[in-house]
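What TrEMBL records for this protein:
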COMPBIAS  308-323  compositional bias 'Polar residues'
DOMAIN    21-301  domain 'Sugar phosphate transporter'
REGION    308-347  region 'Disordered'
TRANSMEM  12-33  transmembrane segment
TRANSMEM  45-65  transmembrane segment
TRANSMEM  77-96  transmembrane segment
TRANSMEM  130-148  transmembrane segment
TRANSMEM  154-174  transmembrane segment
TRANSMEM  186-206  transmembrane segment
TRANSMEM  226-250  transmembrane segment
TRANSMEM  257-278  transmembrane segment
TRANSMEM  284-301  transmembrane segment
Amino acid sequence: MSTIRSKQYYATSSLVVGYALCSSLLAVINKFAITNFNYPGLLTALQYLTSTLGVWILGKFGFLHHDPFTFENAKKFLPAAFVFYLAIFTNTNLLRHANVDTFIVFRSCTPLLVAVADTAFRKQPCPSKLTYLALVVILGGACGYVATDSGFTLTAYSWALAYLVTITTEMVYIKHMVTNLGLNTWGFVFYNNLLSLMMAPLFWIITGEYVEVFIAMGSNGKGDLFHPVAFVAVALSCVFGLLISFFGFAARKAISATAFTVTGVVNKFLTVAINVLIWDKHASPFGLGCLLLTIAGGVFYQQSVTGVTSAPPQRDSAVSKQDNGNDHDNYGDSDEEKGMSGTFSSR
């Protein structure tokens, strides 16, 4: 009996450690990738392709189960996939023009808009006083960071605001789709990435990125398209995008929602620490303090929301079928676990 418990303990610990490593490194790896491979549309398409093939192959070998592709489900899911693509598109360009700290600050601000959107559009109860206080802490930390950001540029913060709006829309709308469409977790990952991959060529044309790619392909290996460092960066980004999907969902099932939330918060601190240690693309000491305040506000927010939402024991059967015990009210890292650049999350 003790041997079985010991094996379960080590298995759970391995999943949590794997998730923590993938989550804390993903944003830094994605920044490294977009710095050395300056084609955001192509980069995200490669990530979508890796995740789609990964889920399909693992499903074929019986390691996971995902809903089969049907045109009826694809048609219903297409609007959600489009919003998802926009969120990742703005996310990529934010990391392209700003540092990882700026990304984390705006990512941590999502509860501000999600709370408003849930109340206005999903008819959820108004946030409690503790939740309002947490949102004020988040806002204060974010404002302090922006006011002292030496790397402030209009381009970077335009992408940051666009990302904040699209990721909030994606979170609220995806929750609606989760409730009504009834896809399982890996089916959700599969549809999200496959439909996003289909949309990628349209964005290449709209942004004109295809011209840059063709020029790089005709440069006889002199451009960053074929540089070994760029290849390694892109490969790491694609692999970690798929790994965080696996470890994220597996860890959610293995530990409690509270433990998973705490792990997600620790991951953000690890991301900040790693980002400070490996290169100079980070905020000033005061900016880092404001960043940590914003993350702390996010912790306070999670605790206040958990205290409110854990009261009713009954749950809608459609949601229960979808999440298989996962907590979809956790806004911390959900985009990372959709089997791709979530990440560019941290998701």
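Just so you know, glycine gets a Cβ as well, placed from its N, Cα and C.
Stretch with the largest number of CB pairs closer than 8 A to the transmembrane segment (186-206), among 12-33, 77-96, 154-174, 284-301: 77-96. Same-chain neighbours of the transmembrane segment (154-174): 79-80, 83-84, 86-87, 89-91, 93-94, 96-98, 102-103, 106-107, 109-110, 113-114, 117-118, 121-122, 146, 331, 334-335, counting only residues six or more beyond its ends whose CB sits under 8 Å from a CB of the stretch.
Sequence-distant contacts of the transmembrane segment (284-301) (same chain, at least 6 residues past either end, Cβ-Cβ under 8 Å): 101, 104-105, 108-109, 111, 130-131, 133-142, 144-145, 148-150, 265, 268-269, 272, 276, 332. Along the domain 'Sugar phosphate transporter' (21-301), the predicted structure has mean pLDDT 84.
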